[in-house]
Amino acid sequence: MSSKTDGAHPIRTSWLHSTRSLMVISFLFHLLYTYSVCDIYFTSPVVHPIRRFTLNDTYIIAPSSLAEYEKAGGVLELAMVPVLSFKHPSAPMPLQDGRPLIFEKGEEVEAELQEGLEALNYGQGKKNESSLWHDHDSSSQTTLSELGAEGKQEQKALEMEEVQMGGFMGLERYRQWKSPADRLVLIVGDGLRADTLFKKHPWHMLPAWAQQDLLRQSNNGEAGDFNLQYNSALSPFKNDTAIAFGDANSETLKTLQGTLHPAAPFLHHVAINRGPFGVSHTRVPTESRPGHVALIAGMYEDVSAVTKGWKLNPVQFDSVFNQSTQTWAFGSPDILPMFAKGVAKERVWMETYSEDEEDFTKDATNLDLWVLGHLEELFSHAQADKQLKERLHQPGTIFFLHLLGLDTTGHTYRPHSTEYVGNTIVVDAIAARVEALFDEFYDHDNRTAYVFTADHGMSTKGNHGDGDPDNTRTPLIAWGSGVARPTKLDAADKQRQMRKADAEQDAYYSHWVVGDVKRNDVDQADVASLIASLIGAPFPGNLEGHLPLPYLNVSDEHIVRALLANTLQVLEVYRTKHEARSKRMINYIPFESLDKDEEDDLPGEQLVHEAKYLVAIGDLHEAVERIDELFRLALEGNRYLQTYDWLLLCTIITLGYLGSILYGISFLLQRYFLSPEHPTLALYRPQGSGSDPSVLSLGKLICVPIFGALCAKFTAEGSPLTYYVYAVFPALFWTRVIDERAVFVAAWRASRNPTTSTQAVPGPAENKEGGATVGGLLAYIICSLALLELIVVGYLNRVAWTIGFLVLGTVWPIVGITKPMRQEHPKTILAWMAVCFLNGMFTVNSLDKEESIQVLIITGMAFLMGGMYVLSNANALLGCGTSAEGLQRTVRTIQIELGVLCAATIVTTVSAYSLQSKRGLPLASQVGGWLVLAFCLTFPFAYGLRVDKKSGNHQPPVQRIAITIFAFAPLFILLSIRDEALFFGSFALLLAAWTRIEGLLYAERAGTSGGSRGPRLLAKEDVRIALFFLFFLHVAFFGTGNIASISSFYLSPVYRLVPVFSPFLMAALLILKIMVPFLILCSAFQVLCVSPQANKAQKSKAVEAKAQDTTGDFVQIAGLGLADASPLVLSACIATDVLALNFLYAVRDTGSWLEIGQTITHFAMANLLQVFMLGLTALSAAFIGSLEQV
């Protein structure tokens, strides 16, 4: 390096104030704070309530207490219980030891009972219309519909009379309730969209074998919406080859081609004639594991569950399988084991196929047929095995059929494909066959209930995971024993009108065949409540679902008591969390609406007594309202406890981000903007302040006690370890900010007085830039905030990025580039405008894409032509600052990379054609693809980026970045579905033009006079460069996908390498592809930062002579002359902290799951982009080299 340049060197302080240490701290800070959104909004430890509630627990005296009382010689057939207090029917019951009083049989009790009975006969000759002797036989059951306004008013009058008469004792009859069904069959079509099941489809969407079945039945006069049978659906080998349908002008064929056809005729018939249907709304993440947990356990795993495991999550939970007599499960090895873990083998019996069967290149319907085949085998064995047959006939049995085919087919071919519709036809045929098997095996006893649903939907791109409505809307159909009949809608029904409007406004609801039947939508966790109620099992311990009443066909009292038991289980979850928190919290504030009235009461006890009383007196309408209120309060209480630490954590996190911003600004100001000899710094900085741990500075005096108090609080309350980590960063940052407060005073004075800043930038222009007016600084800040706001809008609408490119391509060259430079470099300016418009086209294009082999081939040819152009002009484009030997090595490396590019294009073409034609993935193509991938990640960097033996230096940065671009081009071809590789090339051209312009601009600002290559301080214009870098960082993501939607990146190209389901490997390949533009951006940015001014570009004499023979001159490598890219990267990080802080308070935990999922993703990506930025900057520095190596 050169000698010093007039005090230009930055301030040297402690390790904590070194650039490398700050980048490490920033990396850890943003990585850990990404998780904070889970602790603030979603994470609540999964509790394990001991009690499980059934209908028996809905009586004022639980049957367990009656049994003990009966043994003691009390009343046998009737339970004497208090039903009123001396105040009001809703007042708390008399309690003893926290339980309702049980009176012994004797004269005093009989006298009180007689008095109470006489009090009820409040009119002469009037019938006692509310006898204490409630006969719950079905013959005398009053239905909810029969209990009208008049009866309700009369009941209220009676209650008021009872209040006037004073307290009395009552009796409530207890009865045993028979379960609505002896057994239940749960069929889950993994990844099935609701619209695909419920709608009719055009002729061309049906697979060839289905078209053959339709044509055959039409010719035989058998075709119809509900008597239609796709006879080939259950065949393991289907003929997908289109056949000649005879006379193309036949009326039958024309009719079929002109009409819509159901993909699920059996389930359509069920939904219209036999059982209720609806849309089951899931929550995020829309993955198989949380979806099945919601369906079977009735609980929603929070979004942080994704970080704790993929399949066998360590979080324990209860499920309806645990509460059933026994469960027989068939299906995927990814789902079934997690419900059998920790459960007795005799309780859950499962059979799964091999993971190797989950091959995306094969017909996935065979996975579903495997499940049907093994169910048939089970029943076949049971006919010969008496013991097995007896087990299968036990009441309370669940059969779980997990059909994975639709999920696999959707990933491979996407939902709007003939393959996906064909798989839906197969699933429908399986459902029909399953019912026939059960009817046959159980001799048509009509004691089987069926529930058909899905764990999640499927986006149009063939992915799922986020809150896209296509992923959160799933079908639900129930029928069989204990299930209600569907309700027909008349023409004036409000729901009919609403659904007609939905169908007109949203194509998702168009052509549904169930328009004349009432739709009963539910939340996904409600299904677990429905399952438990139908088989009469206790509700799962971690229940969050609400019993869907329209799906049950039992007596009204049965329904209300089931609803009450469901609510009591949800309330028990709150009580368990309440008890745990109240024991460990220092100043615990309970949920006000469920707070105790008495010290010995349980939370919500009064509301429970009111609900039980209303059920006991037969006021079922009022009981349902009271129970629904209790359910709502229980959920709100759970949410209250889940977000109990919201204020504390948000305060800590906010202080962390503000401290990070101020600490970063302070660091940049004193290390890269201000001279160490600045008089203000010398005046305000105490000796040893902030640097010496032994010095008790003001920052330590303020922050250390606060941090210690927080740690003491966390320890006393048993808070998670992450709470301590969150508190560390604000303490660290604010200690430094307070101790370095003089830096901000110095910066303000320097901005007003340029002579005190002593910025070491060559040339007079940069020095005289200081002393900006307040208005000028304010305008600069406003423009910077406007760019940040544009980035925020870009998270919601990709068009914002196109607008940004239009501004950069048209406005910036006029207002940001001087007229002399525009006149001197017109071609460079035109190239910049062209690449801005080109990249803007990618961000405005739709994300819905179809695979195009032709586009991939054209892209490969474009990269090949670009590489040949670079090689043909290697001396001019790559020869600056290198020896002839070094240039030759770079040329050979690029030549080999171009050869691999051709091989990658061929391999991709063969693999794509083979997968499209359903012939599977050829082994040679798969091996070739992995070899290409291994080459891209190893050879160019092991061979191409080597140190020159003579000089001991690396190649010039431009050579290294050229090697990096052509190294990853084959990888992008291999993992692209359509135009992603074209975007990669376009993005590389954008970066080349940008670095060229920025280098020329800096050379113009610094002047053309000679000078040193030493490190310089930063100027105001460098902040604008950092913001441009941040903009391009986001464009690297949004160019072919959408941060707000995880599923916007296509997974299907990964099947060219991994045809068998392997989530971690597939995700790794997808992330690798997404990260490549980041690496190229950071590498180009490193080149821009470390390259010297254009007039100082070093030229090798040997190469110079050769270059002048061919091109006449070198293409100059213009740069900013910095030691590395760290200061500008840190500036971008500071700007991104503003985004993260904004997104933190925009996170929603209520509303649609699309909105919730987007807000979570926005905050996470605002942090993770900084993690990627810092990590890839370090990696690109290794690739490109530093200033000393050039």
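A Cβ is built for glycine as well, from the same backbone N, Cα and C atoms used for every other residue.
Where the annotation comes from TrEMBL, it is an automatic prediction and has not been curated.
Bear in mind that the values here come from a model prediction, so they are computed numbers and not experimental data.
Per TrEMBL, the features are:
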COMPBIAS  128-138  compositional bias 'Basic and acidic residues'
DOMAIN    637-1152  domain 'GPI ethanolamine phosphate transferase 1 C-terminal'
REGION    128-153  region 'Disordered'
TRANSMEM  21-42  transmembrane segment
TRANSMEM  646-669  transmembrane segment
TRANSMEM  774-793  transmembrane segment
TRANSMEM  799-817  transmembrane segment
TRANSMEM  829-847  transmembrane segment
TRANSMEM  853-878  transmembrane segment
TRANSMEM  898-915  transmembrane segment
TRANSMEM  957-977  transmembrane segment
TRANSMEM  983-1003  transmembrane segment
TRANSMEM  1023-1044  transmembrane segment
TRANSMEM  1064-1090  transmembrane segment
TRANSMEM  1167-1187  transmembrane segment
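Across the candidate stretches 799-817, 957-977, 983-1003, 1023-1044, the maximum count of CB pairs under 8 A to the transmembrane segment (774-793) is reached by 1023-1044.
Remote same-chain residues near the transmembrane segment (1023-1044) are listed as 466, 780, 784, 787-788, 790-791, 794-796, 798, 801, 804-805, 808, 816, 839, 842-843, 847, 979-980, 983, 987, 990-991, 994, 998, 1074, 1077-1078, 1080-1081, 1085, 1088, 1120, 1128-1129, 1131-1132, 1135-1136, 1158, 1161-1162, 1165, 1169, 1173 (criterion: CB distance under 8 Å, separation of at least six residues from the stretch ends).
Across the domain 'GPI ethanolamine phosphate transferase 1 C-terminal' (637-1152), the model assigns an average pLDDT of 81. Counting only same-chain residues 6+ beyond the ends of the transmembrane segment (829-847), those with a CB under 8 A from a CB of the stretch are 461, 798-799, 801-802, 804-806, 808-810, 813, 817, 822, 979, 982-983, 986-987, 989-990, 993-994, 997, 1035, 1038-1042, 1045, 1048.
Here the transmembrane segment (957-977) sits apart from the transmembrane segment (799-817); fewer than 3 CB pairs are under 8 Å, leaving out pairs fewer than 6 apart in sequence. Within the chain carrying the transmembrane segment (21-42), a Cβ under 8 angstroms from the stretch's Cβ atoms is held by residues 15, 302-304, 307, 642-643, 645-646, 649-650, 653, 656-657, 660, 664, 667, 720, 722-723, 725-726, 729, 732, 1126, 1129-1130, 1133, 1140, 1144, 1147, 1149, 1160, 1163-1164, 1167-1168, 1170-1171, 1174-1175, 1177-1178, all 6 or more beyond its ends. For the transmembrane segment (1064-1090), same-chain residues at least 6 beyond its ends with a Cβ under 8 Å from one of its own Cβ atoms are 310, 957-958, 960-961, 964-965, 968, 971-972, 975-976, 980, 983-984, 987-988, 991-992, 994-995, 998-999, 1025, 1029, 1032-1033, 1036-1037, 1039, 1041, 1049, 1051, 1054, 1057-1058, 1117, 1119-1120, 1122-1125, 1128-1129, 1172-1173, 1176-1177, 1179-1181, 1183-1187, 1190. Cβ atoms under 8 Å from those of the transmembrane segment (898-915) belong to residues 361, 412, 851, 853, 856-857, 860-861, 863-864, 867-868, 871, 921-922, 925-926, 928-929, 932, 935-936, 966, 969-971, 973-974, 976, 1055-1056 of the same chain, restricted to positions at least 6 beyond its ends.
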